[in-house]
């Protein structure tokens, strides 16, 4: 029933309910007059005149262009009539619509497409009847990793004026309803995804409520949106990406150390990343431990070792465990590790060029010494800074010192190569002399060009690891800087214990060359540690990033100890 009104003098539309109860289950009314408070009433047990009524307006839903009310007739057995009130309004144009319907004719089930259909398949329903309201039930839609595009195509006949349709996505178990307004006829695309997964004990269904025009036909198509699925992965698991980046770098780091042990040379960071950073080296162990933790005896053994809960179990309990999410994040993490390594390498080369421009060219070290006279003093100063100010600040200073040492080494190597190009005979003599010195003890080694290149390859990986430690400690540093006017020492300081270990470790590594650790008895053991630590980063650090630096400093510490053992 459609009523279009130009002007009105208090019009009442009355609908008897007695006969309609036998045929229909619901009544639906809508009005485009938004500035009236009381507009729809129910008469209680009335015949020819409504003597007692109840205001139903408060049950109405206010939408952008209309206000609507849907009543289940069974819930109001005492009502004999429904009255729609139109107040006296002159010069205004509005529309009042009412209709009776059976619920099953307006509730249409639409199963969503499978996650791995990648948008290649779709499912559709066509609304042929001339109704004003439809409920599209989106079946099998309740996980946060699901994302779809719903296309609503409307075709209208004999319509001269502009008509508005409203599409409302209603999620019963959370407050994330969304509205889409369309001028029909048109083709409208609606993005559908969840903020909160459906609880296990919840049987409700996600609904697409369509407030339509009786003069139009609607075609609703749903298909999986792969790009939005990736967006959901980043949205809910993007915080775990640093853990996967560091895991990939650790695998490359272990490969470099083993290459140095087995061949005496350190391969390029990008080469080792491509060779060693494989998901099958990490994920199977995490999956296996997660499976075993389902058994009581293993869980008791796990608790006896005082190990924290596996992050994968935490995510599963929060309904945030995506299928193949670890694989996707590992791929993203490896790509980030690669481009991060490329950026750091370019930065070191650029800074070394700037160094050579501003300062006199330097030579390669003539005598490799682990502990230079100023190293203990620098270490003590940085530890004092960490104790009296902020651990993250001391870590940042240590990082800058390490970068300075690598830039200096890169500048020295560039100078050596340039001199080799200018005077090849002199360079060959220098190389022979360097090779002769290689046969002497470690503390009297002269650094050759090949050893310097190996050292730079190793240092580039360490820089990448240290960069992520600095980034993960940034929140602590920012908090300290913002409150510096109130107190000089950060207390409590979560980065202080890490700083105490990292400062002497990086001080030693900044003065370490591959030539000095090739013959170390600890090198083989050191090269084997990054793999289990890479697994540990994913197992315990993907949802708790503060734990990640604890896994990173262990191989760095062992690397530094290789100089002494």
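Just so you know, glycine gets a Cβ as well, placed from its N, Cα and C.
Just so it is clear, the model here is predicted, and its values are computed rather than measured.
Positions annotated as domain 'GPI inositol-deacylase transmembrane' by TrEMBL: 240-564.
Annotation source TrEMBL lists transmembrane segment at 241-261 (among others).
Look at TrEMBL and you will find 310-332 (among others) tagged as transmembrane segment.
Residues annotated as transmembrane segment in TrEMBL: 377-402 (among others).
Annotated region 'Disordered' per TrEMBL: 420-441, in sequence order.
The compositional bias 'Basic residues' annotation in TrEMBL covers 425-436.
What TrEMBL records for 462-482 (among others) is transmembrane segment.
The feature transmembrane segment is assigned by TrEMBL to 494-513 (among others). Counting only same-chain residues 6+ beyond the ends of the transmembrane segment (494-513), those with a CB under 8 A from a CB of the stretch are 365, 368-372, 375, 378-379, 382-383, 386-387, 390-392, 394-395, 398-399, 401-402, 405-406, 445, 447, 451-452, 454-455, 459, 462, 466, 469, 473, 476-477, 546, 549-550, 553, 556-557, 559-560, 563.
Below 8 angstroms of C-beta separation, residues 237, 239-240, 242-244, 246-248, 250-251, 253-254, 257, 281-283, 285-286, 289, 308, 310-312, 314-315, 326, 329, 462, 465-466, 468-469, 472-473, 494, 498, 501-502, 505-506, 509, 522, 525-526 of the same chain, each at least six residues beyond the ends of the transmembrane segment (533-558), sit close to that stretch. Taken from TrEMBL, the feature transmembrane segment applies to 533-558 (among others).
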**Report entry** Positions on the same chain near the transmembrane segment (462-482), where near means CB under 8 A and six or more residues out
**Finding:** 242, 245-246, 249-250, 253, 269, 337, 340-341, 344, 348, 389-393, 395-396, 399, 402-403, 406, 490, 493-495, 498, 502, 506, 509, 545-546, 548-549, 552-553, 556, 559
